[in-house]
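Take a look at the structure set out below.
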């Protein structure tokens, strides 16, 4: 049964809630260090810092509270936004980054590394709630949890019978308990919040899937911009970011030698491609599992062996899930793995690996080695090493993607926020940013890498039918 008494009350007198404000100086220094590596964001501050297109608008962020995100927050603040922020993962916050932003006054921050699920959803609701009890004008979302809370809140207000049910999923029950408390205090609150929201910009593949589902069902409550499918996000953050941060997470957690090992990568989308390249670069033999024949063919033609998880478990030393799907690695798979195989996930949510099996099956026991590194003894008598409790390994066990590649993503996020703020004609649909802006984001990052572009002549541009200054490719071009 859903129970409002289980939910912690909001405390709107709190300016921030972070782990340790004494870490602020360290955070400020890291932010200064990253400025040179975020040229896109710095250029947007120069371009829009005077006109301040976000002036007077309230922005809620639900996105990993890292140093890179601190630079995004700084950019939104310089463009005039009034900001409240929570992380989108219980392990991804860098506490010095959260402290630095709280200390700067650029945003109200509710995030710390190692939150419980109850903490997490309390933080999300705190980020969605201003001191007067009202909500945001704009959302910056990663994984769709802020969007989910608003939509579920409206659904509950329209059908309070939902609060009389009990839910098997622990996290969803926590959400419903929070919504029960909100409904008890103000049964029309979430409808007012939704009515105020001008739109959301969504960072990641999983969150975008949620948005398209809402649109297809006619349930999307406000306009949305799909930042993930901007080329300068998905083909850079997802691929090149994961190529570096996956290995960082695995090595910090385990100190394992990757060379010579067999690494199984589940999923060969942009994230999986980056993971496979990373592990091959360290000298591993990489196996890929895929459901999509196109992605499977790509993997095979890059020289990877494409097989099923049922076969791969017999060989794998390290397993990485990168699918955005559910129960990709099951209890049966884990029971068949080698002793002390390493199992981790780089997809957004924690259900790609069946953690529920480990946590509820008699005979499975957990020994914590260090934060975010657990040795699970299985019914088989063998053990596996699970990283970050099945959540994002690169952020749970390391610091996520490097600043430069995140500058690509966050420049897109900022441009999306400007579009949502300034375009009153957007409908309740999912949009993508135009190709011209995608190319602009790339241009802003070329000088840092010493790149000099060739310029088309007018004759050449006319010959291929494009403007001299772009865009150079049609919308359907794959890159």
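Counting begins at 1 with the first residue displayed.
Including glycine, each Cβ sits where the backbone N, Cα and C put it.
Keep in mind that this is a model prediction, so the values were computed, not measured.
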Among 3, 137, 142, which residue does Swiss-Prot name as a further substrate binder in the site formed by 66, 203, 233, 237?
142
I'd like the number of other C-beta atoms within 10 A of the C-beta of residue 348 (NAD(+) binding site), please.
23
The rounded CA-CA distance in Å from residue 290 (NAD(+) binding site) to residue 237 (substrate binding site) is 21
What does the structure give for the C-alpha distance between residue 203 (substrate binding site) and residue 267 (NAD(+) binding site)? Integer Å is fine.
19
Smallest number of other CB atoms within 10 Å: among the binding-site residues 66, 204, 206, that is 206
Span of 66, 142, 203, 233, 237 around substrate - largest C-alpha separation, Å:
17
Using Cα coordinates, what distance in whole Å links residue 271 (NAD(+) binding site) and residue 237 (substrate binding site)?
8
What is the separation, in Å, between the Cα atoms of residue 204 (NAD(+) binding site) and residue 142 (substrate binding site)?
6
